[in-house]
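Accompanying notes for the structure given below.
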Amino acid sequence: MNILKISKQTLRNNIKIIREYIGNAKMCFPVKANAYGHGIEDIVENTHDLVDFFAVANSLEAFRVTAVAKNPVLVFGVIYYEYIEKMISENIRVSIQDYEDIEKLEQIAKELDKKVYAHININTGMNRMGVDYNDACRTIQRAYESDWLILEGVYSHLACADNRDHPTNIKQKNRFDSIVKFTKGLSQDIICHLSNSYGFLGQKGICYDMVRPGILSYGFLPEFYVDRVIREIKPIARLLSKVVKIITLQEGEGVGYSLIYRGFEDEQLAVIPIGYGDGFPRELGDRGFVNINDVMYPMAGRMSMDGLTVSLGINEYDVKVGDTVELISAIPRNRNSAFSIAKQTNTIEYDIMSTLNDRIIRKII
């Protein structure tokens with residue numbers, strides 16, 4: 001059985017640290033992609049009293065949040081109109097991505113005789129989604145004056161927040177500042193928000209009314225220097241499995257698909273029942289590490305869909321069937337932390353955690 005063990009205490013402590021850091025700004029906690037792989041329901045249930053909003057990517061994720069908490073939920077993605085009636089009935093916040101969305105939402109709201117809560121996404125430079133910057137004020141004005149929309153927020157997203165010295169950050173901030181000025185001229189109550197984790201840590205003065213710290217809440221820090229208080233944030237999860245078999249190789253024998261790993265005489269291997277079918281990175285095969293009884297062991301051979309093997313050498317530490325295997329550590333400096341795994345596989349921690357699928361059990365401890 002493979003288990004992602006999540007520390008409730010660490011999770012809640014991370015959020016408290018962030019709240020202290022952002023001062024009076026509201027906190028919108030992103031729980032998209034199954035709470036970055038940690039499990040939406042468990043994460044929401046254990047944090048709803050600490051945050052102001054939750055944020056997700058689509059309608060189906062939003063419904064999972066509203067099933068366990070009463071906090072406002074913002075959907076970042078496009079509006080799927082097949083779900084819009086349920087979204088409106090549950091007061092889920094939609095993101096207006098272009099001017100035409102307003103008329104569509106008004107028509108549906110009239111039919112339901114219920115107003116729609118909306119945030120307007122403005123494209124200030126990421127050039128992916130959102131209302132064009134040059135059309136922002138017209139769209140904001142139109143939504144604000146609508147009898148059927150409650151314009152709750154206006155937001156944008158930084159394209160290069162992970163590089164705090166990138167000139168695009170200043171360009172986007174300046175554009176957003178002009179939008180904030182226009183918006184606040186309509187109403188001081190409209191929530192303006194721009195920053196994700198890297199945004200408010202790397203750039204001063206861009207917390208605005210609300211921040212959206214996703215990866216930071218789960219315990220992953222940017223590599224650039226951050227405040228000493230933020231350094232107290234820690235990863236909240238460990239991925240664990242069990243040794244299910246010990247095998248002994250003779251010299252020249254191989255293991256796994258294509259037998260690319262060749263053992264030495266009397267080398268012992270431990271078989272671990274987790275593979276890329278569980279969302280664990282296949283690229284780790286033959287180069288990753290796992291922790292068994294506080295000793296690091298290298299993976300041996302190709303990872304399969306349902307399993308991997310690690311070399312125990314001559315097994316001088318007496319690893320046995322049933323011993324716990326730590327595949328992802330909550331200690332960032334360890335060779336099997338999400339940070340280290342991301343470096344080994346040329347990706348980011350978000351990817352490592354969010355691809356862990358439902359074959360892995362989530363357990364809050």
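From the backbone N, Cα and C atoms, a Cβ is placed for every residue, glycine too.
Under a cutoff of 8 A between CB atoms, and with a sequence separation of 6+ in the same chain, the neighbours of Lys32 (active site, proton acceptor) are Ala55, Val56, Ala57, Asn58, Glu61, Phe76, Gly214. Residues or ranges marked as active site, proton acceptor in Swiss-Prot: Lys32 (among others).
Residues annotated as N6-(pyridoxal phosphate)lysine in Swiss-Prot, with sequence analysis given as evidence: Lys32. Lys32 (active site, proton acceptor) falls within a helical segment according to DSSP.
The 10 Å shell around the Cβ of Arg128 (substrate binding site) contains 9 further Cβ atoms across the protein chains shown. In the three-state DSSP scheme, Arg128 (substrate binding site) is classed as coil. The substrate binding site feature in Swiss-Prot is assigned to Arg128, Met305; the stated evidence is sequence analysis.
Positions annotated as active site, proton acceptor by Swiss-Prot: Tyr257 (among others). Non-local neighbourhood of Tyr257 (active site, proton acceptor): Gly301, Arg302, Ser304, each in the same chain, at least six residues away, with C-beta under 8 Å from its C-beta.
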Cβ contacts of Met305 (substrate binding site) (under 8 Å, same chain, 6 or more positions away) = Gly275, Tyr276, Gly277
Request  = In three-state terms from DSSP, label Tyr257 (active site, proton acceptor) for me.
outcome  = helix
